[in-house]
Amino acid sequence: MSDIHRPTDLEAGSGRLREPEEDESSSSPFDIPNPKYASVERLKRWRQAALVLNASRRFRYTLDLKKEEEKKQTLGKIRAHAQAIRAAYLFKEAGDQVNGAAKPPPTPSGDLGIGQDQLASITRDHDFHTLQQYGGVKGIADLLKANLEKGINGGDDDLLKRRNAFGSNTYPRKKGRSFWMFLWEAWQDLTLIILMIAAVASLALGIKTEGIKEGWYDGGSIAFAVILVIVVTAISDYRQSLQFQNLNDEKRNIRLEVIRGGRTVEVSIYDIVVGDVIPLNIGDQVPADGILISGHSLAIDESSMTGESKIVHKDSREPFLMSGCKVADGRGTMLATSVGINTEWGLLMASISEDNGEETPLQVRLNGVATFIGIVGLGVAFLVLIVLLVRYFTGHTRDPDGTRQFVAGQTKVGDAVDGAIKIVTVAVTIVVVAVPEGLPLAVTLTLAYSMRKMMVDRALVRRLSACETMGSATTICSDKTGTLTLNQMNVVEAYAGGEKLEPADNKSQLSPKLASLVKEGIAQNSNGGVFIPEGNGEVEVSGSPTEKAILIWGIKLGMNYEAVRTESSILHVFPFSSEKKRGGVAVKLVTFFKKAIDDMAASSLRCVAIAYRSYELDKVPTDEAQLSVWALPEDELVLLAIVGIKDPCRPGVRDAVRLCQNAGVKVRMVTGDNLQTAKAIALECGILASAAEAKEPNLIEGKAFRDLSDVAREEMAEKISVMGRSSPSDKLLLVQALRKKGHVVAVTGDGTNDAPALHEADIGLAMGIQGTEVAKESSDIIILDDNFASVVKVVRWGRSVYANIQKFIQFQLTVNVAALIINVVAAVSSGDVPLNAVQLLWVNLIMDTLGALALATEPPTDHLMHRTPVGRSEPLITNIMWRNLLLQALYQVSVLLVLNFKGKSLLNLKHDNSNHATKVKNTLIFNAFVLCQIFNEFNARKPDEYNIFKGITKNYLFMGIVAITLVLQIIIIEFLGKFTSTVKLNWKQWLIAAIIGVISWPLAVVGKLIPVPKTPVSMYLRDCVDFIRCRRT
């Protein structure tokens, strides 16, 4: 087995294989730029290196390596089973032919003349002999009451009858995890288990020594706090899983065209029924098992079912089509004969439909950060445990009134055990706070939120890592048609017979012979259709935008689409190729134009030529095999007409391009159109600032770029703004050259031949409307409205993901540093800690789950597009973040330690009961600490801006979480003192705590005035380490 990991989301598209990462021997196990394509050993390495308290929760959204291997084995078994059945059938059929045995004619079955079993056996076994006995595809269609040209009736009753008889095009999916599963996984945290054991022990000892009325508070409060943490964590995780589930359902819902009632309609793949007539074009996915009705140069990639990367040509002798396969070339129509679970694809999907997850680069890096912090936290917790135990058992730990808590030989065993349990509980709780389990999961939270919001912005994310990578994009290679333009095409100019038609549809200027040839060329070369409803309704035209524009022009010239197509018989179709940029059809039965083309191209029109030539019938191959390889004659063509098609720029595309340029993202247009057309559109969109820029190297033809050497191509690539007359291979070369120069490349594509460039790019963006299924499956993100403005929104969201994670890191590390230092200093100096286990669990809840919800779901702002792209190797914790978090942590530690050691005198509590005074002081420390985190949450929203309240009213979730946290804090202090070991505070003490918290706002403003070096702190540390190593050697 290869050691390259290849994710296979077979429902939404096959995985993509890339070369292994260049630096497999990286010193850090957490430095994996492309986790999707890393080796299995590399993925295992970072998992083993991570410090994890709850593996089931931490690795929930990473790739399940075990299930991935099981999926491959299942896939192999099903493929082998299908091939064994076919081999056995072919062997039996061969035996029957030798023995002269013949099958009896099959008998009709069911309301529709044939049953599911007969249909399934014909297509599954590729039983050509039985198909012929039924009368071929025509006979099957008659039994299914389907017309091979007009399809089925398509009424609700007809569809229901077919679903009842043959099933729907769905398959049983494994149910998603229930809430109880998430609750169970949240329990798996080792520290929480230890705390529950300690709580039970404390509960038992407390009840034994103090009675049930008073003795249950200590243990019960810890148990309640742990349960609260578990429930809140489970709810948060469950909500995330539902969001991912909804996005996965949307990802699998392919839209395609079928013919029903004589008209072409768009339906979901799940709505396909047996008897549907389905057009197939290059790049489409075969949506059901079926039989070919007609086809031209139809080639199918069956690798998803057979496992062999072999293209199979389909014709009348090999007419069987398998669901889930892709159209590699040509076109045709098919009759659906089996759907859903009755197909091999359906069986396959029902077996492996569970999503095995995928880790992202940021997720892996955050596991590294969490591991480092966790190791420090574990060391601190162990130190606190040792110090507290030593002080306790040596008699140095005293009660507030000065009484020793432990006296050797006098203290009861139960009391000693209870004291030791409390110390262990505090140490374990420090671990809970110190090990940021929620940090890597914050990535999942912000990605789930971002992906849901991006759907509203017309972008469907197929690969999680694309969200992050888009924030680092330095260049976007965009198609022109439909992305920068509206894709609403109309013929506005036409030249025929050596003259310009005025207007473009003026048929009086055409001679009868020329008009006849032009109309025949339009009708026979179309892959679209024309539907004329009864009662003189409006004519409906289907097909690609270019086809529709030319068909409408033909209709205006008086073309009767159906009549023209039936007047001559088609010998062979040469499908349009983006490489050759032409297509043609063989049917049975000029210098003036150069200036015209230049004029139309300069007016940003797409030029389409219509030509013909006569060909001797005896030279046309009659054998089907020879016909399939017959090449389109390219000489002696007679030019009939040239049409100029107008496709206006999308409104707002110029602003979107400018926004990208301001954000440090260069937009490059890569189009197959004439160079003059490309230049005109680029000037209109703002990709070229002026006509003076419209020359090499800014403007180049695909062929010229292709002919350059590798080195010259890399140098030229960075200068290119527009590439015209380009083929998909030119786009791939451009992407490769840009990536070699260190760019993070996003590329748009819609055709099957764009798949290599989409796969090669750091972020592949497929078009949702015009894109083929092959293009979509090779992409990372699908732009549902084909609009370039939506691409720019994806860039904003990508940067937002990264920025939100940094906000959360800054907030969480501030809490980590402050809580650890306060408890360590207090423990070492006095043998007691001001923040007990229950209080620390509440702080952990604020910091982990609620903090992530508040900060990881900040919507993107325009400020993000005023920055340069984030480098993929840049440290997660920037110098600005270090300045902010250290300043806040230093402030919190200083104030709270002053309160810890001098609080009684500062608060005038010296005359109070010693025990009560200590409780008031510790309660104020706890309250001030929590309020500091609430106020600091506002600071974390804008790490590098002075106005931290900007846009806050639009973030209802943030405001809601802050309000809930504050209300719960008031309830804890005022009403739950027994559980949290706190006492009620008077209004002055509340005011002191609030002032301590509020000071963090002006402090943050002052802090932002402190300049920070551009060189990351991590670089200084690395230089120091290198220097020490050099001195040693």
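Here the Cβ of each residue, glycine as well, is placed from N, Cα and C on the backbone.
Taken from TrEMBL, the feature domain 'Cation-transporting P-type ATPase N-terminal' covers 127-207. For the domain 'Cation-transporting P-type ATPase N-terminal' (127-207), the DSSP-based tally of helix, strand and coil residues reads 52 helix, 3 strand, 26 coil.
Taken from TrEMBL, the feature region 'Disordered' applies to 1-35.
Residues annotated as transmembrane segment in TrEMBL: 182-207 (among others).
The annotation transmembrane segment is assigned in TrEMBL to 219-238 (among others). Through the fold, the transmembrane segment (219-238) approaches residues 57, 60, 177, 179, 182-183, 185-187, 192, 195-196, 198-206, 425, 441, 445, 837-838, 841-842, 844-845, 848-850, 852-853, 978-981 of its own chain, all at least 6 residues removed from its boundaries and within a Cβ separation under 8 Å.
Sequence annotations record features per position, and here TrEMBL assigns transmembrane segment to 369-393 (among others).
Summarising the annotation, TrEMBL assigns transmembrane segment to 423-449 (among others).
Sequence-distant contacts of the transmembrane segment (956-977), counting only residues of its own chain at least 6 positions beyond either end whose CB sits under 8 Å from a CB of the stretch, comprise 842, 846, 850, 853-855, 857-858, 923, 927, 930-931, 934, 937-938, 941, 983-985. Taken from TrEMBL, the feature transmembrane segment applies to 956-977 (among others).
Per TrEMBL, transmembrane segment is recorded for 989-1010 (among others).
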Can you give the mean pLDDT for the domain 'Cation-transporting P-type ATPase N-terminal' (127-207), rounded to a whole number?
84
